[in-house]
Amino acid sequence: MTGDKEMMEGEDGNEMTEGEDGGAEEKEITERPKWDNKLQYLLTCIGFAVGLGNVWRFPYLCQTYGGGAFLIPYLIALVLEGLPLLHIELAIGQRLRLGSVGVWNSISPYLGGLGVASMMVSFLVSMFYNMILAWILWYFFHSFQDPLPWRNCPVNLNHTGYISECEKSSPVNYFWYHETLNITPNIQTSGSIEWWLVLCLASAWCLVYIGFIRGIETIGKAIYVTVTFPYLVLTIFLIRALTLPGAADGLVYLFTPNWETLKNPQVWLDAATQIFFSLSLAFGGLIAFSSYNPQKNNCEMDTLIVGCVNSFTSIYASIPIFAILGFKANENYNTCQNWNILQLTNAFNVGDENITVANYQDWLNHLNATDPSEVESLDLKTCDLHTFLEQSASGTGLAFIVFTEAVINMPGSQVWAVLFFVMLFCLGLSSMFGNLQGVLTPLMDLHMIPTWMPKEVFTGLICLLAFTISLIFTLGSGNYWLEIFNNYVGSMPLLIIAFFEIVTVAYVYGINRFNDDIEWMTGRRPNIYWQATWRFISPFLLLVVFVAYVVTEAEQPATYNAWNPDYVYFPLAEVLSYPGWVVAICALLSVVPVVSIPLVASYRFAMSQRADASQCGGVVVEFESDDIRDARDDNARTIPGEL
């Protein structure tokens, strides 16, 4: 390290600064918490990166974009975009030992808004993400019933038949949209707050608070369960799923490459965004976690471990998921065939069991040739296995509709439902720890917690505030609002933050200084791969993805899918346009989280101009801004080696 001042850390954890006279001046600082061991830190980062999207988003993209062919753009995006940014976040947090706000403010006071933006995104995402955990808890509580409550349609009030809404759709759809959400027919109709969702949401926040109450001290203990248990469940599901009839059809459909899809630009855009969001980049949580590391730690190896485990998990989760979906497709195909066989048997007085699934097509051809008008009048269903395999879904559609329907037909369905929803909850809980750490650590570094207030109380107030705001998602229209938050908070703002992060490190902090830091921490200078991606490739790709994303969103109308039993084509979703006031909220959710970047930069510039104006004949007047003085002192104390 070069420069007039060099930061050193004494063995007792006190900060050592070397003055101009070469003497070491020791300054007492508050000791920063540390991880108990390296495994605890890695599991926490993996738990934050590996989330619900690995289970219900990645398999859907593989199925949609040519099976195994999707892995090519996905892995390219991992190497050229995901890993370089992941390395930056883990390294910069470990070197400066600060949360997101402190890190970027230390590099340049003008970039303090970058950390505030990450903190805002983490807080907003935490609100709707925990609502998903509340839904998971609701299904978990109902998974102990026999039969499962989404197996059959409920009877109507007169006990003369089933509820028409359920008959027109399906029991799983009815349980999700009516029994769980009690959803309204459009976003303008707010509906009432559903008390059962409020209780589940409160339970979810209480569980998050218990695991998060003392920061990394309690997170580090809980993470051993919340990270490892989903892999155990996935393995159990894998073994069971591979023994189900039709599992091979699902796997063949998933991994059979369709190379033509690689010509579609949307495939590459979705691959780039998937790896970006899957690694939980730009939230500030990874920076916060790495800030509790000892500075002498191989952050490059950590990057490779976290990035590769995350991608492996996505592929590994796809196998049991689509094996089960293949089983579901075969069940639906056989049900369709048997319904047609029953119609033919009754219409043509054929003996029972003469027409079977094996000889159905031969019988159909024979009857079509002898009495085509009678066959046509039966209005037989079109049964195609490939069509049933295409009926996949992502997000809540996969977890609460497609998978729950598949579980119904599995022996011991209650056990598999319980395991599935416990797995989802663990995945979501470990991600919630990272989201909240991205909020709490910057506030602690900025000394926003009053000295008289215990940290546990402050953490509880943050959870209470988030719970209060997220009550909007318990309304009848809550699912529509959650989709808005998911689409607009967790997308464009993160791309903007990530672009500024990598440009800041490469061209503001200085890539040579950053290389020196990594060499000091790991004992090895970054190779040509890291140099090329940090300097040119990753910033360019992030800019391209951002522009492509904005163009794609601008070309698409602002619409949403509504569940309306009075819709003429029900149970198909009614596609509605967002009203103007909702479009305005969507725009605000995209802009407000990152507006702090230009605001803080403008404020710092104005303060620096004021400081310059206060100089008279080279003598600085005494009332220098506290913010500027603190930022200057932080830079001198924290950033190694002035260039």
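Using N, Cα and C of the backbone, Cβ positions are placed for all residues, glycine too.
According to TrEMBL, the feature region 'Disordered' maps to 1-29.
Sequence annotations record features per position, and here TrEMBL assigns compositional bias 'Acidic residues' to 9-23.
Beyond its flanks by at least six residues, the transmembrane segment (41-59) meets 35, 90, 132, 216, 219-220, 223-224, 226-228, 230, 254, 274, 277-280, 285-286, 289-290, 292-293, 302, 305-307, 309-310, 313-315, 317-318, 321-322, 392, 394-396, 398-399, 423-424, 427-428, 430-431, 433-435, 437 of its own chain at Cβ-Cβ distances under 8 Å. Taken from TrEMBL, the feature transmembrane segment covers 41-59 (among others).
The Na(+) 2 binding site annotation in TrEMBL covers Ala49.
Annotation source TrEMBL lists transmembrane segment at 71-92 (among others). Beyond the transmembrane segment (71-92), the same-chain residues lying 6 or more positions past its ends with a Cβ under 8 Å from any Cβ of the stretch are 45, 61-62, 103, 262, 267-268, 271-272, 274-276, 278-279, 281-282, 286-287, 290, 299-300, 302-304, 306-307, 311, 315, 498, 501-502, 505, 509, 514, 517-518, 521, 530, 533-534, 537-538, 541-542, 545.
The transmembrane segment feature in TrEMBL is assigned to 113-141 (among others).
Per TrEMBL, the feature transmembrane segment maps to 195-216 (among others).
Taken from TrEMBL, the feature transmembrane segment covers 223-247 (among others). Counting same-chain residues at least six beyond the ends of the transmembrane segment (223-247), those with a Cβ under 8 angstroms from any Cβ of the stretch are 40, 43-44, 46-47, 50, 211, 313, 316-317, 319-320, 323-324, 326-331, 410, 416, 419-420, 422-423, 426-427, 429-430, 433.
Distant neighbours of the transmembrane segment (267-292): 32-35, 41, 44-45, 48-49, 51, 53-54, 57-58, 61, 65-66, 70, 73-74, 76-78, 81-82, 85-86, 89-94, 96-100, 103, 115, 118-119, 121-122, 125, 216, 261, 299, 302, 306-307, 310-311, 314, 431, 433-435, 437-442, 490-491, 494-495, 497-498, 501, 541, 545, 548-549, 552; these residues of the same chain sit at least 6 beyond its ends, with a Cβ under 8 Å from one of its Cβ atoms. The transmembrane segment annotation in TrEMBL covers 267-292 (among others).
For 304-325 (among others), the entry in TrEMBL reads transmembrane segment.
Long-range contacts of the transmembrane segment (415-436) within the same chain: residues 44, 47-48, 50-52, 54-55, 122-123, 125-126, 129-130, 132-133, 136-137, 139-140, 143-144, 148, 207-208, 211-212, 219, 222-223, 225-227, 229-230, 233-234, 236-237, 240, 280, 283, 285-286, 288-289, 399, 403-404, 407, 459, 462-463, each at least 6 residues beyond the stretch ends and with a Cβ under 8 Å from a Cβ of the stretch. Residues annotated as transmembrane segment in TrEMBL: 415-436 (among others).
Annotated transmembrane segment per TrEMBL: 457-482 (among others), in sequence order.
Annotation source TrEMBL lists transmembrane segment at 488-511 (among others).
Feature annotation from TrEMBL assigns transmembrane segment to 532-551 (among others). Residues 77, 80-81, 83-85, 88, 265, 269, 272-273, 276, 491-492, 495-496, 498-499, 502-503, 505-506, 511, 514, 526 of the same chain sit 6 or more residues outside the transmembrane segment (532-551) yet have a Cβ under 8 Å from a Cβ within it.
The transmembrane segment feature in TrEMBL is assigned to 578-601 (among others).
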Feature contact check the transmembrane segment (578-601) with the transmembrane segment (113-141), CB under 8 Å, 3 or more pairs: yes
For the transmembrane segment (488-511), sequence-distant contacts whose Cβ falls under 8 Å of one of its Cβ atoms, 6 or more beyond its ends: 84-85, 88-89, 92, 104, 107-108, 111, 114, 117-118, 121, 124-125, 128, 273, 276-277, 281-283, 531, 534-535, 538-539, 542-543, 545-546, 549-550, 553, 586, 589-590, 593-594, 597, 639, 643
Residue numbers, six or more beyond the limits of the transmembrane segment (578-601), whose CB comes under 8 Å of its CB atoms: 110-114, 116-117, 120-121, 124, 187-188, 484-485, 487-489, 491-493, 496-497, 500, 558-560
Tertiary contacts of the transmembrane segment (195-216), as residues 6+ beyond its ends and Cβ separation under 8 Å: 33, 35, 44, 130-131, 133-135, 137-138, 141, 180-181, 222, 226, 289, 292, 429, 432-433, 436-437, 440-441, 455-456, 459-460, 463-464, 466-467, 470-471, 473-474, 478
Sequence-distant neighbours of Ala49 (Na(+) 2 binding site) in its chain (C-beta under 8 A, six or more apart): Ser278, Leu279, Ser280, Leu286, Val306, Gly307, Val309, Asn310
